[in-house]
Amino acid sequence: MSYLMGIDLGTSSLKTLIMDVSGHVKAISARSYQFASPHNGYAEQNPGQWWQACCETTAEALRISGIPPHAVRGISFSGQMHGVVMLDSSYRPVRPAILHCDARSSRQVEEIKDQLGMEKIREWFMNPVYTGFLLPSLLWVREEEPGNYEKIRYVMLPKDYIRFRMTGVIASDYSDASATLAFDIKKGCWSANILNSLDVPVDYFPECFGTADTAGTVTEQAAGETGLCAGTRVVAGGSDQVMQAIGNGSIGPGFATVNVGSSGQVCFQSAHPVSNPDLNTNTFCGYSKDRWITMGAIMSAGLSLKWINGVLRQTDYRQVNEEASAVLPGSGGLLFLPYLTGERTPHINPNLTGLFLGLHLNTGRAEMTRAVMEGVAFALRDCMEVCRGLGLQADHIIASGGGARSIPWLQIQSDIYGLPLKVADTEEQACLGAAIAAGTGTGIYQSIEDGCRQAVRYRDLTVTPSESNHRIYEEYYRLFKEAYRESRNIIEQVTLLGRNLN
Ligand SMILES: Nc1ncnc2c1ncn2[C@@H]1O[C@H](COP(=O)(O)OP(=O)(O)O)[C@@H](O)[C@H]1O
Ligand SMILES: O=C(CO)[C@@H](O)[C@H](O)COP(=O)(O)O
């Protein structure tokens with residue numbers, strides 16, 4: 001019997017899944033971690049922690065499943081996007097990785113915009129220039145930590161580091177590379193135009209593979225650390241958005257996913273790179289350099305629920321979901337703007353923070369929790385509206401991420417979008433997508449499409465919108481947008497005041 005392994009490096013945890021070739025999950029092992037935030041707006045993590053989580057979960061998944069390591073035919077990866085890992089010539093990290101949710105590089109973002117101008121940004125980047133993306137984070141290191149910058153020899157994305165520790169090969173893939181702001185999305189290679197203009201050496205950046213290309217084999221050392229067999233094929237993998245889309249069977253035009261992970265995304269598949277003159281969505285490569293996705297992204301989705309749970313000292317998701325279900329739509333007249341770590345689509349503004357509007361003496365923790373779930377869904381609705389405005393359509397919307405474990409949150413989303421939602425049968429769609437890539441790269445599946453046909457199944461549950469709830473939410477959605485427009489200025493001022501105190 002053959003088995004496949006998929007490893008997803010998330011923002012708050014790393015998960016390893018083993019499945020058989022029909023997509024039956026045999027084991028999932030996870031390790032949670034927290035990123036460090038030494039200053040307000042900073043988000044960084046030591047890549048060694050990711051590798052440790054990878055070793056522990058791989059060994060644990062093998063142990064739980066009882067599958068002999070030689071039966072694992074291939075391994076692949078899914079990873080949190082945009083962040084930068086910098087290695088010196090001895091392959092050691094020169095400093096902690098700077099993550100996608102890091103807001104320190106506001107000045108470098110402005111410098112890139114000033115230096116290149118909006119016309120070139122539209123043409124070369126096809127994406128908004130935003131903090132937390134690899135290029136501005138790298139420029140921050142150049143300006144603020146010149147000693148570290150001088151030591152850099154290799155630059156890569158987070159999951160590329162764990163693939164490197166597994167294989168000894170430094171590489172990236174089109175989907176993740178296209179989300180760095182250093183890549184030519186249309187041609188599918190590192191952009192000499194961008195890098196030369198900003199005086200960043202092109203040779204920092206590794207060779208790129210397609211998601212299903214072989215990128216090496218497990219080394220003797222990694223075999224000792226993970227329990228895998230040396231020589232096992234390692235397949236490149238891709239960005240979490242692309243791998244999760246594969247794990248949801250969302251692989252061609254007409255499909256879209258809405259993900260509530262730590263951050264949140266609405267992701268449409270497209271047959272060509274979609275230009276957005278307003279630059280408030282992202283256009284990235286898909287699982288090969290001739291596939292694309294258009295994405296609206298929010299910064300704090302599951303993170304918002306995690307935050308309110310922490311504040312209200314709620315630890316049990318079952319209870320959280322039960323209490324939120326007992327509150328009527330609208331949370332008793334409470335709106336939440338989930339801009340805890342700034343916002344990408346549609347505002348592209350790192351200098352925002354969150355807002356509760358409508359607190360009163362009867363507002364309790366259940367109302368606050370439900371308002372947070374609703375606020376996240378309103379922000380994702382914003383993403384959908386922008387994508388629709390670009391002409392993107394979907395016949396199927398598939399809900400994914402940790403938030404899809406919550407039935408009330410799924411219903412809130414469906415009611416707010418006014419759309420039915422399908423949910424994949426496995427809770428770890430990005431891992432499943434990575435395992436499908438592993439199966440494709442090792443020839444078990446003929447293609448990613450074939451892998452999806454064989455391994456992706458949906459839950460026997462389609463969440464459908466309630467018309468009356470949708471009507472109520474339309475009014476709240478109008479006020480949600482209005483609340484931002486009316487208070488943006490003051491939110492920015494308060495945010496900056498708060499940052500100055502840190
Ligand atoms: N049972 C649940 N009910 C409600 N929300 C949940 C549940 N499980 C996870 N979540 C939400 O999902 C988030 C984690 O999603 P996940 O996709 O695992 O994130 P990541 O890949 O970023 O680590 C949590 O922060 C939480 O908000
Ligand atoms: O930022 C994006 C997409 O632009 C995310 O896909 C991140 O890569 C992290 O995802 P989560 O770990 O928050 O789900």
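Cβ atoms here come from the backbone N, Cα and C positions, even for glycine.
Taken verbatim from TrEMBL:
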DOMAIN    3-247  domain 'Carbohydrate kinase FGGY N-terminal'
SITE      D8  site 'Important for activity'
BINDING   M81, H82  substrate binding site
ACT_SITE  D240  active site, proton acceptor
DOMAIN    258-439  domain 'Carbohydrate kinase FGGY C-terminal'
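Features recorded in TrEMBL, as mapped to the structure shown.
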{"residue": "D8", "record": "site 'Important for activity'", "Cβ within 10 Å": "31"}
{"residue": "M81", "record": "substrate binding site", "Cβ within 10 Å": "30"}
{"residue": "H82", "record": "substrate binding site", "Cβ within 10 Å": "27"}
{"residue": "D240", "record": "active site, proton acceptor", "Cβ within 10 Å": "33"}
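In the three-state DSSP assignment, the secondary structure recorded for the residue listed as 'active site, proton acceptor' is helix. Ranked by CA distance from D8 (site 'Important for activity'), the recorded positions M81, H82, D240 have D240 at the top as the closest. Calculated from their C-alpha atoms, the gap between M81 (substrate binding site) and the residue listed as 'active site, proton acceptor' amounts to 7 Å.
In this structure, the CA atom of H82 (substrate binding site) is 10 Å away from the CA atom of D240 (active site, proton acceptor). H82 (substrate binding site) falls within neither a helix nor a strand when secondary structure is assigned with DSSP, and so counts as coil.
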